[in-house]
């Protein structure tokens, strides 16, 4: 028996401001160094750029002071730093594209999306006072998520770009609804699993040390598996399919602690992917490009060749340990250097040292999400924070793993870094939700003082048990013991 | 601009990135190692070696208070202090082993409910499980209709029966006895 005493939690808003200064310095220095590296002079509008970014970040910081004073102090600076580095790299690639007279202008649009995202994140923090409100919309979230996933298939608004049918274009504004579907799905899974996790965890036979679920409890996982396969087949999008399915399996695992779900999920996905690889040529091409990228035939093949992947690898190799420096590499030689392959671009100009720092930023972000999940006292919040943190980590893994040829390349965007409005907005909303939940998790519990009954007079018991973690906050009621000794009358 | 300046700026930028990462980790460190875990038994042993060790006020559940003088609100009546009667109720087995409840003239309520004098962290005890109370200079134990029963030296307690000093009373998984 041990007693656990948490240290006094500091709100950490001052620490956040300090880290925010560092993060903004990184963003602005990146922008300035791009100018220095290409033209030999700092861009003229660097002051305005710095002022704009600082205004956005400080505004969000003030919203946190106002509405979520105990929110985690590390999440916001890390997100700002990643977004800033991404902006600088997109600006740098813009300049290179302009020099080659390719379509450019990504940086301004991304800056606009950043502003919209930060405003939306602030709105989420202001309007959503308690994350448990979202639990009321469990099944609404499911319908919204499924709707968003199938939206690109609707004729008229759905659009096929580069073979993948994942775009929706309404009135000139394109978006990838799957990016928002992952948030809605996380809300649905959290609400669904928090009520059903006991049946999923405890009922069912045990085979080879694995607690298998009952066949009828398999229903939901099979539905999600079917949806993710449908995404794979109909929209030809391996990445989103992997992301949605991975999210569900991870949240099942968090909810039930049963390894069998991970095993079942992995087997189902590997099986599905193998069938898809043999049955559909565009998936098979991805596997070929992954396994034999340096074959001349596969390198030259278009579409579905390994040219992009191999050029990205060459870029990474050119960067080496310390990189070529901002503006001194040739990241624009890789197709989609500003979105799908921004990791390769950053790896070229910042080197392994810089890329590892960025990956550590994602690690920190995920760790804070998981720590929030541990700290928050309600089951729904635990599952939601765990799921959202996982989805950021998993998306980064799928993208970076694809670019570095660890796994087959899939078309996902790197959170915060890559060009793309939908992705940026969705990830800032995730950050806002994590901040909201972490405020709940780190807020000191109301202290329950020792009850001093007058006739007893010896307050040995202090009712500070309400501080304990888990969904069962507070002392358990009822006059029954939770367990019964067998063989007693 | 000279080659040297550019190289310095390039490496300086990487250093700046790592400064952010490391200072973020520095902030996290407090959280990762942010809880103090004390083993109760070890704490008790240490407490018996040095009896005047101050206990934190907001300790979780029952703070093992070794010396009655340490808890301020306890006022042991002089009648109980003098004389040969028991002075304390000691938990000798179970999760709260080593916990001492100083005895006054008031009854001691034992159970899982937070309003009890001795709150047991024990799944086998009822919310209000048993009561130990003084009457006519003697201590009695009484079961309060608990599910798993109260046992005085392996005999189930039904009504109030006298509780001699040093006789073990079993409540759920815990064993208590009166000591001088």
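Using the three backbone atoms N, Cα and C, a Cβ is placed for every residue, glycine included.
Per TrEMBL, the range carrying the annotation transmembrane segment out of A:93-110, A:111-128 is A:111-128. Proximity of distant same-chain residues to the transmembrane segment (A:341-362), defined by a Cβ-Cβ separation under 8 Å and at least 6 residues beyond the stretch ends, is recorded for 78, 81-82, 85-86, 89-90, 92-93, 308, 311-313, 315-316, 318-331, 334-335, 392-393, 396, 399-400, 403-404, 414-415, 417-419.
The transmembrane segment (A:46-64) makes no contact with the transmembrane segment (A:137-158): fewer than 3 of their CB pairs lie within 8 A, with pairs spaced 6 or more apart in sequence. Counting same-chain residues at least six beyond the ends of the transmembrane segment (A:111-128), those with a Cβ under 8 angstroms from any Cβ of the stretch are 52-53, 56-57, 59-60, 63-64, 67-68, 83, 87, 134, 420-421, 424-425, 427-429, 431-433, 435-436.
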